[in-house]
Structure formats: structure tokens, C-alpha cells
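Novice: Sharing a structure, written as C-alpha cells. Questions coming.
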Amino acid sequence: MATHLPKEKKPTEGRKHQNMQNNTKASQGQWGRAWEVDWFSLASILFLLMFAPLIVYYFIMSCAQYQCSLADPLLDLLTGNKHLSDIWNSTPTLTYRASVIYVLWVTFQVVLYLFIPDFCHKFLPGYVGGVQEGAVTPAGVVNKYEINGLQAWIITHVLWFANAYCFHFFSPTIIFDNWIPLLWCANILGYAVSTFAMIKGYFFPTNAKDCKFTGNFFYDYMMGIEFNPRIGKWFDFKLFFNGRPGIVAWTLINFSFAAKQQELYGQVTNSMILVNVLQGIYVLDFFWNEAWYLKTIDICHDHFGWYLGWGDCVWLPYLYTLQGLYLVYHPVQLYTAHAVGILMLGLLGYYIFRMTNHQKDLFRRTSGNCRIWGKKPEYIECSYTSVDGSKYYSKLMTSGFWGWARHFNYTGDLMGSLAYCLACGFKHVLPYFYIVYMTILLTHRCLRDEHRCSSKYGKDWKRYTAAVPYRLLPGIF
């Protein structure tokens with residue numbers, strides 16, 4: 001649902017510098033979501049609005065009541081062994097304790113986001129933090145952001161481990177122990193912020209020129225009206241909810257699952273350690289490159305609505321952590337060779353993901369005056385015309401990893417996603433939801449971005465796709 005992890009830019013595009021300086025207006029057709037809604041899009045929106053919350057509930061309920069079996073709840077209902085009311089009545093309700101935990105958590109992340117300027121960039125070589133500029137919006141605005149996500153992650157986790165080993169104010173299993181009551185809290189926040197964003201877009205937008213209205217209530221509610229809704233100068237809805245509190249919580253959730261496994265079985269299995277390590281690398285990579293995230297499709301094209309608001313509050317923390325949750329109910333101790341193989345797959349996927357993006361950024365920063373794999377990069381020069389008639393030129397790289405496939409960074413992403421799932425063994429389908437979902441998500445992103453690029457570059461895009469014919473898997477797709 002939420003698109004916070006696999007970040008996407010235009011494929012290896014290097015735009016000439018003078019054009020960025022001289023013109024800030026791009027074609028409306030190349031920005032953000034749709035202006036008009038077709039019937040297929042509306043049907044998809046209605047399906048997600050109705051069933052996405054039920055999907056999350058079903059997965060979490062199946063673990064709590066059916067040992068993570070996705071088939072048994074349906075079989076019980078179909079055979080009449082149970083009624084929906086029986087399952088619902090066995091589900092923990094919203095509690096005062098969970099509400100306090102959640103309010104304190106979100107408030108703490110807001111404080112870290114707004115009131116503690118980044119200091120990590122002052123002593124971490126290569127890290128870009130502090131005040132950074134985003135991309136130019138359709139209205140010609142360049143927003144500034146306080147990049148301090150890595151700092152927030154570090155402070156949060158230092159305090160978490162200080163409590164676990166020194167202060168003992170609460171148990172490290174606190175997240176697992178309140179998992180379903182916290183789900184209701186996350187839903188309340190997700191719907192509240194999504195509804196507020198829509199009302200704000202209608203009555204007091206941050207920038208009225210960066211709003212889109214289709215006239216269809218459901219589409220506007222889900223996909224958002226405002227491009228960059230903000231409160232005050234620094235609280236940016238997209239940056240906060242895409243990165244905090246959900247992604248900061250991701251590693252804490254996994255740690256809580258590991259602590260519960262230790263409490264129940266007297267040990268933490270190597271599969272749980274693998275999931276914690278591989279997903280921890282991914283989360284740290286996100287925050288290390290948070291400034292780069294400002295130029296991705298989430299910030300540069302997506303408006304803020306239910307898709308991002310609810311998705312980042314609920315879908316991300318509850319479905320991206322299914323592997324750790326599953327391993328609490330079904331601890332798996334892998335053979336050493338199996339564990340090493342999964343670790344290598346995950347690390348290789350991360351290497352491909354990171355190096356592919358590094359090649360792209362190096363190519364862009366130097367406008368092609370660099371070396372990729374020891375050689376000057378090959379590229380196709382493209383041009384396009386903006387809505388006011390100004391002409392732009394771009395370079396699309398066709399060498400390095402980007403010569404293998406047009407979105408080879410996603411290939412690495414999928415390899416890492418598969419590694420998380422393989423760590424859970426093969427007895428249940430539930431932990432494999434993540435690789436299925438990511439495959440659908442990234443394939444859709446490929447098609448969505450390439451549709452924009454085809455409209456933007458025309459014949460030049462056809463030249464590019466002829467030079468790099470595959471999207472994700474060389475020789476296959």
C-alpha cells in the first residue's frame with residue numbers, strides 16, 4: 001500500500017543544469033496523479049478502500065487465533081464451525097494502555113522530527129542531513145526539509161536498548177503484547193490524518209496551485225488532493241508519515257518479536273536474527289539516504305491522501321513485519337548452509353539495489369562525466385518540451401547495471417524481499433505475502449513510471465527502450 005521503501009526516480013535521467021535554473025514549470029500531464037478518473041481506476045480505489053483494512057486484520061487475526069494459517073479461518077466459516085461474530089469477539093479490543101503507548105510513540109517522533117535539528121551530518125562522513133531542498137513542484141515551489149531521520153532512528157533505538165538492559169520501565173515485548181490493540185490505534189491515526197488532509201486540501205491548502213481535484217470523492221480521498229500538505233514551515237505530512245513513525249518502528253517491532261521469541265522458547269532462532277539483520281540494513285539504508293528520497297516518486301509525484309496516510313500508519317508496519325510475527329508463532333532454526341545462503345541472497349540484493357542507485361546518482365551529478373565499471377557511461381540524449389514551450393534535454397544511461405534492465409534497482413529490492421521470506425521456511429504461505437506484494441507493487445511502479453516517460457520523451461523513449469529492452473529481469477521481463 002504505502003510506497004516508502006522501493007524509491008523510484010526517472011530511469012537514469014541527467015537533466016542539463018541551465019534548464020533547472022531557468023524554468024520551474026513542468027507539463028501538468030507529467031506531474032502527480034490523474035486529473036480524470038476512469039472506471040477501472042475508480043473500481044480499484046473502491047476495492048482498496050473497502051478491503052485493504054480487512055486484509056490487514058485478516059493476516060494479524062490469523063496469527064493470533066489460527067497460528068498464522070490463512071486457510072483455517074475461511075474453512076471454519078465455510079463449514080459453520082465458527083461465525084464472523086465468534087472471530088471478532090475473540091479479537092482484542094482497543095485498550096487504554098495501547099492508546100497511551102501509541103500517543104506517546106507518535107508524539108515522541110513528532111518531537112524528534114520538529115525540534116531536534118540534525119547533527120549526524122556534522123560527524124558522519126558521506127551522510128547528507130540537515131536542511132535540504134526538494135524537487136520543484138508543479139507550481140514552481142521548492143520546499144525545504146529538515147533531514148534528521150537517521151538521528152531520530154538512533155535516538156529511539158538507544159533509548160529502547162537502554163530501557164531493555166538498564167532501566168526496565170517496560171518489557172521489550174510490549175509491542176507484541178499489544179499488537180492488535182495497537183492496530184486499532186494505527187487505524188484511527190491513519191483515517192484521521194487522511195481525512196484531515198482532504199479537508200485541508202479543500203479549505204486551507206499549503207499551496208492551492210499544487211492541488212488536484214477530479215470531482216470524484218473516493219479517488220480524491222485515496223490519492224490525495226494536496227501535493228505537499230504542511231503545518232507551519234517544517235511539518236511536512238509526506239516526509240513525516242512516509243519515514244516516521246512507521247519505518248522507525250519497523251526495527252523496534254522486529255526487536256519486540258525477537259524478545260517474545262526469547263521469552264517463549266528460551267532462545268532467538270537464527271531465522272529471527274536473519275530477518276532482523278536484513279530488514280535492519282534496509283531501514284538504515286532508507287534513513288542514510290533520506291535526502292535522496294526527496295527526489296523520488298513519493299515526494300515528486302504522489303499527492304498525500306489515504307494511500308500514503310493510512311498506508312504508512314497501518315499497511316507498512318503491520319504487513320511488512322509479517323516474517324517476524326510468523327517466527328514468534330513458528331520458530332524456525334535453519335541449517336547453517338541454508339541460513340548462509342539466505343544471508344548471501346539478501347546481501348547481494350542489497351548490493352545490487354544500492355550500487356544501481358549509486359550509478360544513477362553519480363551519472364546525474366556529473367552529467368555523464370564519470371566512469372561506470374571503469375568506462376565512460378553510454379547514454380541516449382533525449383529532449384522534451386514543457387507546457388510553456390521551453391525545451392529540456394536529458395540523458396538516459398544505457399550502461400552499467402542500467403544497461404541490464406531499466407529498473408534493475410528493483411531487481412535487487414526483490415532479491416532482498418525474497419530473502420526475508422525464505423528465512424521463514426516453507427510450511428505456511430503467510431510470510432510470503434511480502435514478496436508477492438512487492439512484485440506487484442514494483443511491476444506497477446515500472447509501468448506507471450514508463451507511461452510518464454513515454455508521454456514525456458516520445459520517440460526518444462522508444463530509442464531508449466530499444467537500447468535497454470528489459471524492465472526487471474534481463475532476458476525475461
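Numbering starts at 1 and runs along the chain as displayed.
In case you wondered, yes, glycine gets a Cβ from its N, Cα and C as well.
The compositional bias 'Basic and acidic residues' annotation in TrEMBL covers 1-16. The feature region 'Disordered' is assigned by TrEMBL to 1-27. Annotation comment: TrEMBL describes 39-60, 94-116, 150-170, 182-203, 239-257, 264-284, 304-322, 334-353, 417-442 as transmembrane segment.
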Novice: For the transmembrane segment (264-284), which stretch among 39-60, 182-203, 304-322, 334-353, 417-442 has the most Cβ pairs under 8 A?
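Specialist: Highest pair count goes to 334-353.
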Novice: Could you check whether the transmembrane segment (39-60) and the transmembrane segment (150-170) come into contact, where contact means at least 3 Cβ pairs under 8 Å with the two residues of each pair 6 or more apart in sequence?
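Specialist: Taking Cβ pairs at least 6 residues apart, the transmembrane segment (150-170) and the transmembrane segment (39-60) are not in contact, as fewer than 3 fall under 8 Å.
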Novice: Near the transmembrane segment (182-203), which residues from the same chain, at least 6 beyond its ends, have a CB less than 8 A from one of its CBs?
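Specialist: Beyond its ends, the transmembrane segment (182-203) has Cβ neighbours at 53, 56-57, 60, 93-94, 98-99, 101-103, 106, 175, 211, 220-221, 224-226, 229, 237, 241, 304-306, 309-314, 317-318.
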Novice: Which range out of 94-116, 239-257, 334-353 gives the transmembrane segment (304-322) the most CB pairs under 8 Å?
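Specialist: Top-ranked stretch among 94-116, 239-257, 334-353: 239-257.
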Novice: With a Cβ cut-off under 8 Å, give me the same-chain residues at least six positions beyond the ends of the transmembrane segment (94-116) that come close to it.
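Specialist: Beyond its ends, the transmembrane segment (94-116) has Cβ neighbours at 146, 148, 151-152, 155-156, 174, 178, 181-182, 184-186, 189, 234-235, 240, 244-245, 248-249.
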